[in-house]
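Q: Below is the structure I would like to discuss, written out as structure tokens.
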Amino acid sequence: MIKRLLLRYAMQSQSKPQDTFCTETLRVHLAEKGDGAELIWDKDDPYAMDFVTSAANLRMHIFSMNMKSRFDIKSMAGNIIPAVATTNAVIAGLIVLEKLKILSGKIDQCRTTVLNKQPNSRKKLLVLCALDPPNPNCYICASKPEVTVQLNVHKVTVLTLQDKVVKEKFTMVAPDVQRKDGKGTILTFSKEGETEANNHKKLSEFGMRNCSWLQADYFLQDYTLLINILHSEDLKKDVEFEVVGDAPEKVGPKQAEDAVKSITDGSNDGTQPSTSTAQEQDDVLIVDLDEDDSSKNADISEEERIRKRKLDRKESQYKEVTYRTEGRA
């Protein structure tokens with residue numbers, strides 16, 4: 001298949017394709033131009049068109065996409081076709097090589113590869129660099145993902161929050177969004193039809209105000225994002241929300257300190273908060289509380305509800321997969 005795709009596509013006037021690789025024809029064509037010459041992309045150049053058609057179809061075959069004829073590719077060929085067929089294909093191959101290292105248990109050998117536009121002093125186009133540590137200001141890389149969103153709680157609806165902020169901006173496909181108010185008030189639910197009545201309600205109708213917190217859960221990837229809402233009536237025209245860069249780091253620690261104080265009733269009895277990360281938490285929560293500790297009961301009950309929803313979601317997904325498997329059998 002690869003050899004067939006790399007073979008030079010024949011001109012329509014030819015009766016059958018010639019058994020010549022498209023890269024070889026380009027190399028010969030470049031040699032004919034003399035030293036220091038360059039090949040310039042032109043869709044009317046048959047050699048360039050052959051190479052782009054072969055490379056584009058090779059990429060489409062790898063990604064299980066419908067391959068195009070030489071005529072189809074020429075009709076839409078501009079600067080984007082050779083770019084997609086060459087540069088993106090090179091980067092995709094580099095990504096696969098790094099994934100192979102991860103699958104082989106050689107994560108320490110993973111590197112960031114930079115593709116330069118021009119060769120460097122060592123005549124290298126590809127430059128290897130050490131991996132950068134996770135960015136604490138990134139809401140994806142951070143150990144405790146937090147982000148601050150500035151908006152008008154009296155104008156922004158739940159549907160806007162779900163579609164434009166959580167789904168589009170933060171790329172969460174099927175999020176569950178709830179208030180961090182100790183009650184777990186649910187604004188949106190990933191199961192279709194469960195919270196449609198909330199779609200056109202304003203955030204202020206749920207008690208959202210300046211410095212209110214939301215929790216967005218994406219159970220399919222076991223990912224949780226804390227969203228700090230900053231109320232503002234001074235946003236630019238036609239701007240519904242803005243993501244604030246450094247605000248989460250300033251607000252987040254204070255929120256954590258307040259939570260610890262509420263658990264210990266403001267006293268410092270030497271009890272330290274848990275240092276377990278989100279990845280170390282189990283799906284089973286064992287609670288041993290005194291009956292008169294109402295504040296602890298409030299915090300734990302909210303956590304239990306979240307855990308229960310996660311377990312119910314995993315169970316429903318397992319049943320759905322089992323049902324589909326049995327149906328195919």
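A Cβ is built for glycine as well, from the same backbone N, Cα and C atoms used for every other residue.
Feature list, courtesy of TrEMBL:
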type     : residues : note
COMPBIAS : 248-260  : compositional bias 'Basic and acidic residues'
COMPBIAS : 264-278  : compositional bias 'Polar residues'
COMPBIAS : 280-293  : compositional bias 'Acidic residues'
DOMAIN   : 149-235  : domain 'Ubiquitin/SUMO-activating enzyme ubiquitin-like'
DOMAIN   : 246-319  : domain 'SUMO-activating enzyme subunit 2 C-terminal'
REGION   : 248-304  : region 'Disordered'
TRANSMEM : 76-97    : transmembrane segment
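What's the neighbourhood like for each of these?
A: Each residue in the domain 'Ubiquitin/SUMO-activating enzyme ubiquitin-like' (149-235) gets a DSSP state, and the totals come to 22 helix, 28 strand, 37 coil.
Mean model confidence of the domain 'SUMO-activating enzyme subunit 2 C-terminal' (246-319) amounts to 47 (pLDDT, 0 to 100 scale).
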